[in-house]
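Undergrad: The Mg(2+) 4 binding site annotation in TrEMBL covers 28, 43, 73. Under the heading Mg(2+) 3 binding site, TrEMBL lists 28, 73, 211. According to TrEMBL, the feature Mg(2+) 1 binding site maps to 44, 45, 120. Sequence annotations record features per position, and here TrEMBL assigns Mg(2+) 2 binding site to 45, 73. The annotation substrate binding site is assigned in TrEMBL to 52, 261, 317. TrEMBL lists 119, 120, 146, 213 with the feature ATP binding site. What TrEMBL lists as Mg(2+) 5 binding site is 214. Summarising the annotation, TrEMBL assigns domain 'PurM-like N-terminal' to 26-138.
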Ligand code: ADP
Ligand code: MG
């Protein structure tokens with residue numbers, strides 16, 4: 001971008017003082033020290049207008065969410081945030097939009113101690129495109145890898161499931177208007193909370209973890225595949241958001257098992273740790289529900305309260321195989 005452009009925008013909206021031990025925005029690279037005995041955890045996520053957010057999305061919430069979904073990946077690895085970068089393509093320079101977007105972004109960056117230390121700013125022909133990279137650190141051998149689950153582990157889920165997916169269906173008019181349910185679920189869609197503290201405390205306790213972004217069955221399925229395990233999940237104890245109560249049962253199940261955008265952690269741990277995990281959840285104020293067990297084989301079974309297998313035809317969201325699962 002030229003003149004009024006790039007450098008003024010960066011200085012005004014994105015350059016912020018970085019912690020003393022870091023070199024932030026303004027040089028060819030950012031620099032940051034790593035703690036002894038730690039590995040670097042790196043993750044990138046893109047958000048494309050029309051694909052991941054609606055053109056009229058509230059920019060302040062978008063700034064929050066864009067960073068939150070990336071921090072959620074650090075949480076799912078058990079990593080502590082160090083810093084982030086932001087690559088931004090804009091069709092036009094809209095100062096009110098940039099002001100609100102950067103405010104939402106920096107607020108969560110501050111709260112998460114994940115300063116913005118670099119990026120890139122360009123013009124785009126069509127909509128807004130955002131690409132954020134988060135950098136974190138995790139003690140060597142403590143990372144919550146997807147391939148680290150073991151037969152016999154308990155399966156856990158943090159928080160509640162379904163609110164963001166229900167909100168999205170209501171926003172898109174895929175369900176009849178329901179202002180009360182929308183009010184109860186919209187914050188989960190617009191401003192997800194990355195479970196950073198929970199993830200960090202689970203590092204060294206839990207075996208494997210993933211954040212639920214594309215639906216529980218699909219995301220948990222990644223752990224099973226990587227770890228060569230099967231699992232039984234108990235439908236009746238899955239932590240459904242209260243706003244799901246009273247929905248048609250098959251819709252409720254689908255939202256619970258396959259609804260996206262939850263950004264809760266699904267993790268596995270030895271039964272030995274049950275009590276500690278429950279205490280941890282209470283201390284952090286994050287509900288944790290024990291929802292299943294890992295078994296030999298490769299099947300993921302969902303069981304009802306009577307122990308009967310519940311047939312499930314859906315898996316979750318896939319950007320390429322399910323174009324109509326898109327928001328655009
Ligand atoms: P370079 O030419 O080395 O790529 P740029 O002119 O693109 O540098 O960027 C100048 C500085 O501003 C760099 O430190 C870069 O990391 C930072 N920067 C550019 N865009 C952003 C942004 N959207 N958010 C944060 N930092 C940015
Ligand atoms: Mg550049």
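Any Cβ shown, glycine's included, is placed from N, Cα and C.
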Undergrad: Cβ within 8 Å of the Mg(2+) 1 site centroid (44, 45, 120 excluded): which residues?
TA: 46, 70, 85, 86, 87, 130, 131, 132, 133
Undergrad: Around residue 211 (Mg(2+) 3 binding site), which of the listed binding-site residues (43, 44, 45, 52, 73, 120) come within 10 Å, judging by Cα atoms?
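TA: Checking each Cα against residue 211 (Mg(2+) 3 binding site), the hits are 73.
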Undergrad: Taking residue 261 (substrate binding site) as the reference, which of 28, 44, 45, 120, 146 (the binding-site residues) have a CA within 10 A of its CA?
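TA: Final answer: none.
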Undergrad: Taking helix as H, G and I and strand as E and B in DSSP, count the residues of the domain 'PurM-like N-terminal' (26-138) in helix, strand and coil.
TA: 36 helix, 44 strand, 33 coil
Undergrad: Are there residues of the same chain, six or more positions away from residue 120 (Mg(2+) 1 binding site), whose CB falls under 8 angstroms from its CB, and which are they?
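TA: Set apart from residue 120 (Mg(2+) 1 binding site) by at least 6 residues yet with Cβ under 8 Å, we have 87, 88.
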Undergrad: Among all the protein chains here, how many other CB atoms are within 10 A of the CB of residue 261 (substrate binding site)?
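TA: That number is 22.
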Undergrad: Where does residue 146 (ATP binding site) sit in the DSSP three-state scheme?
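TA: DSSP call for residue 146 (ATP binding site): helix.
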